[in-house]
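The structure under discussion appears below in the form of C-alpha cells.
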Amino acid sequence: MKVDVLLGLQWGDEGKGKVVDVLTPNYDVVTRFQGGPNAGHTLEFNGEKYVLRSIPSGIFQGGKINVIGNGVVLDPLLFKQEAESLAASGHDITKQLYISKKAHLILPTHRILDAAYEAAKGSGKIGTTGKGIGPTYTDKISRNGVRVGDLLHNFEEKYAAAKAKHEAILRSLNYEYDITEMEAQWLEALNYLRQFKLIDSEHVINNYLKEGKSVLAEGAQGTMLDIDFGSYPFVTSSNTICAGCCTGLGVSPRNIGEVYGIFKAYCTRVGSGPFPTELFDEVGDKIGQLGHEFGAVTGRKRRCGWIDLVALRYAVMINGVSQLIMMKSDVLDTFDTIKACVAYKMNGVETNEFPYEIDDTIEPVYVELPGWKTDMTKMRSEDEFPEEFNAYLSFLEEELGVPVKIVSVGPDREQTIVRYTEE
C-alpha cells in the first residue's frame, strides 16, 4: 500500500476538513504530518460543527487509527482543550490517537516569543496567529527544541534549558510578560498528554503499509504558505507541500500514492502578504459574505479574490497532484460572469509562471467565463450540473492538466459530488 496525500493548493482554508471527513471511510489510518494549532480544520459530524487544530480528522470514524506525525508541533495545553472538547461530545480519543515521539512541543515561552517578534516588526509584521509555531520550528532547526519523547526521559532538564534561552532573548527585546498562569496550565496539560500512546511513528506508519493498511496524510494550511515555495516571507514555518509528508511521517517518496489537491472556486487569504487577484470592491465583499470567509481559529475576515490559475498551476506542479477537488462552487452561483487569472503582467511583460517574488506591482490577466446562475446546493450528481458550470470545469482541467474528481456544492457531507469522468 501507499500513502495518499490531501493538500491545500492555495493560501489555506480550502476546506480540507470536510473533504477528509468524506474520504476517511476509505482509509484505515489518518495522519497529520506538519503544522500546529495555528490552522483549524472545520467539519461537521452528526449535525455538530467541530474545529480540529492538531488532531487528525479521522477521529470521528470509529475504528480508525489517527497519528500525529513527527513534522507536527504540538501545544499540550491547546491539545488538551481540543481533546476534552471532543470527549465532552462523546468522542473518547485516547485509544484512537497515537503521537510521534519526535514531534516538537510548543512551550509557553514560544508563544511569548511569537508575540515579541511580531511586535518588534511593527508595520512589517506577517500576521502570525501568535500560537508559537515559528519559534518552535526555529528551535527545531537550531537543535534546541523539546520533543514529545523527552517526556519519557530527562524532560525537566531539557525544558529548563530551553526556557532559559528564551528568557534571555526576551530580556534582549525588552519585552514584558508573565507566563506564571499559562505555564502552570501547560505543565498540567503535559500530564494529560502522557495518557496517549507515544510512538516511533516512522516505524509504525511503514509497518502499516507493509500490512496492507490504507493511509491518508492530511496537510495543514496550503501550498502557497510553504516555507520554501510559498509567498516568502509571508508564509508558515513548515513544508506544507507533498514532500513535507515524506519528512513529516518518515515515508519514502516511492510510497506516495494519490495526491489530492484541494482548492476553492475562488481565492482567499488571511493576514498579510501578496494576493494578486484580491478584490477590494463589492464583488470581493459578496464572495466573503456568501462563502462565510472567516478564519476557523482566529475568526479573522479572509481577503477574497478571483481564482488564480498561475498560482494553482504552480501548486499542481510542485505537489504532483493526481486528482483535484473543488470546494465552494455554490458561492459563485449568482454571478453573471466569473473571472479567472491565467497570467501575470510584470513590468509590462506577460508570464504564466509563478515568479520568485510577488508584490503589489503584479497585474493579473483575466479571462471571463459565463456564470451558471443556478442554485447548485441541492444537486447530488454531476448529471445535474448546468452547461456553464461544466464549461468552467473543462476550462480549469485544461489549464491545470489534472481532472477535477470531486466538487463541493455546500458545507454538508452529502453536498459532495464525485465525478465519474474518464481519465
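Every residue, even glycine, has its Cβ placed from backbone N, Cα and C.
Feature annotation from Swiss-Prot assigns active site, proton acceptor to Asp13; the stated evidence is sequence analysis. Look at Swiss-Prot and you will find His41 tagged as active site, proton donor, backed by sequence analysis. If you look up Swiss-Prot, you'll see 12-18, 40-42, Arg302, 328-330, 408-410 marked as GTP binding site. Sequence annotations record features per position, and here Swiss-Prot assigns Mg(2+) binding site to Asp13, Gly40 based on sequence analysis. Annotation source Swiss-Prot lists IMP binding site at Asp13, Glu14, Gly15, Lys16, Asn38, Ala39, Gly40, His41, Thr129, Arg143, Gln221, Thr236, Arg300, citing sequence analysis. Look at Swiss-Prot and you will find Ala296, Val297, Thr298, Gly299, Arg300, Lys301, Arg302 tagged as substrate binding site.
Neighbours of Thr42 (GTP binding site) among the binding-site residues Thr129, Gln221, Arg300, Lys301, Arg302, defined as a Cα within 10 Å of its Cα, are absent: none qualifies.
Reduced to three states, the DSSP call for Thr129 (IMP binding site) is coil. In the three-state DSSP assignment, the secondary structure recorded for Thr42 (GTP binding site) is strand. Geometry remark: Asp13 (active site, proton acceptor) versus Arg302 (substrate binding site), CA distance 9 Å. Checked against Arg302 (substrate binding site) by C-alpha proximity, the binding-site residues Gly12, Gly15, Lys18, Asn38 yield Gly12 as the nearest.
Checked against Arg300 (IMP binding site) by C-alpha proximity, the binding-site residues Gly12, Gly15, Lys18 yield Gly12 as the nearest.
Taking the C-alpha atom of Gly12 (GTP binding site) as reference, the shortest distance to any of the binding-site residues Asn38, Thr129, Gln221, Lys301 belongs to Gln221. DSSP gives Lys301 (substrate binding site) a strand state. Of all the binding-site residues in the list Thr129, Gln221, Lys301, the shortest Cα-Cα distance to Gly15 (GTP binding site) is found for Gln221.
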